[in-house]
Amino acid sequence: MPPSGLRLLPLLLPLLWLLVLTPGRPAAGLSTCKTIDMELVKRKRIEAIRGQILSKLRLASPPSQGEVPPGPLPEAVLALYNSTRAQVAGESAETEPEPEADYYAKEVTRVLMVEKENEIYKTVETGSHSIYMFFNTSELRAAVPDPMLLSRAELRLLRLKLSVEQHVELYQKYSNNSWRYLSNRLLTPSDSPEWLSFDVTGVVRQWLSQGGAMEGFRLSAHCSCDSKDNTLRVGINGFSSSRRGDLATIDGMNRPFLLLMATPLERAQQLHSSRHRRALDTNYCFSSTEKNCCVRQLYIDFRKDLGWKWIHEPKGYHANFCLGPCPYIWSLDTQYSKVLALYNQHNPGASAAPCCVPQVLEPLPIVYYVGRKPKVEQLSNMIVRSCKCS
């Protein structure tokens, strides 16, 4: 007698033949998804977190809650907890590079400082304390039409040989003729010229977004309270008027400039579309009608949901979880996926499709008591920030 699988084969062959003749269409036509009980999913997630916390703390069971002392935490413990929280917040706030923008080659453009003969230089006070560098923003916009395409901007200065050490400061010009401090540099003596570079990406991106015609920087000697001499002793190429002829031309070409690195304009629409899709995913993740793999909000109150009083800080946190289908491509050249769908119909416990899983996880700092002793711990991978199909 043939095995049961072979007995079913004659019944499946007509259906498989029909699938082969069917044009590619969405997987929803043969969806076997059942209605999801969100409350059940949340309860399972809460119980998983209960075990996760105990496991990470190497505790077989929750500590005794009768010995937790009343009142506020000791000052040293609270300071340690707050500093740990600040560190985690700082790390999570760091902007992650976008894969699309990082992939494409960057166009590099050099925009020279406006020549000293321009009328704009008459609007600032001249003296031995500072030098001024102005840039035509129309040239910047011609190089980078969209501020979001700018990857990096550097102010490059060719300093001449320097016989004494000097501390210099860089400032940005504001519209009301005030100056905003940006950065500083300690310059050491040198017998040869040397290029100086300042990261001014944020400033240039701001200029590209505004409508000003001329924007500028100021390089000044550091004003020391211990010294009355605030002369800018470092020489910057392009500010010397003693050169003539070819040497003056070379000086002019090496005068201060902005080095711009930006994604090519032809990629702008593609990057905008991908950002728009990511923004929609972020918004829709918390909608009850969302059907894709995404982050679902879940706040866990330690006392209410877990019945724990031994975790003193925080009182709860957004653990979140990933949920949603991960459809795979159905087309004439991937008909095997339809066979897998039939397989799943007859084997509901198995899964050959990709799953919705966490992509970015963040740690959770806590203060808890073991007996009457408070401890600060950082639990890794406790907060789901984004999901992916894998």
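Glycine residues also receive a Cβ, built from the backbone N, Cα and C atoms like all the rest.
Copied from Swiss-Prot, the annotated features are:
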type: DISULFID; residues: CYS285-CYS294; note: disulfide bond
type: DISULFID; residues: CYS293-CYS356; note: disulfide bond
type: DISULFID; residues: CYS322-CYS387; note: disulfide bond
type: DISULFID; residues: CYS326-CYS389; note: disulfide bond
type: REGION; residues: 30-74; note: region 'Straightjacket domain'
type: REGION; residues: 75-271; note: region 'Arm domain'
type: REGION; residues: 226-252; note: region 'Bowtie tail'
type: SIGNAL; residues: 1-29; note: signal peptide
Here the 10 Å Cβ neighbour count for CYS326 (disulfide bond) comes out at 16
Across all protein chains shown, the disulfide-bonded residues CYS294, CYS356, CYS387, CYS389 give the max Cβ-within-10 Å count at CYS387
Under a three-state DSSP reduction, the secondary structure at CYS387 (disulfide bond) is strand
Once DSSP output is merged into helix, strand and coil, CYS293 (disulfide bond) belongs to coil
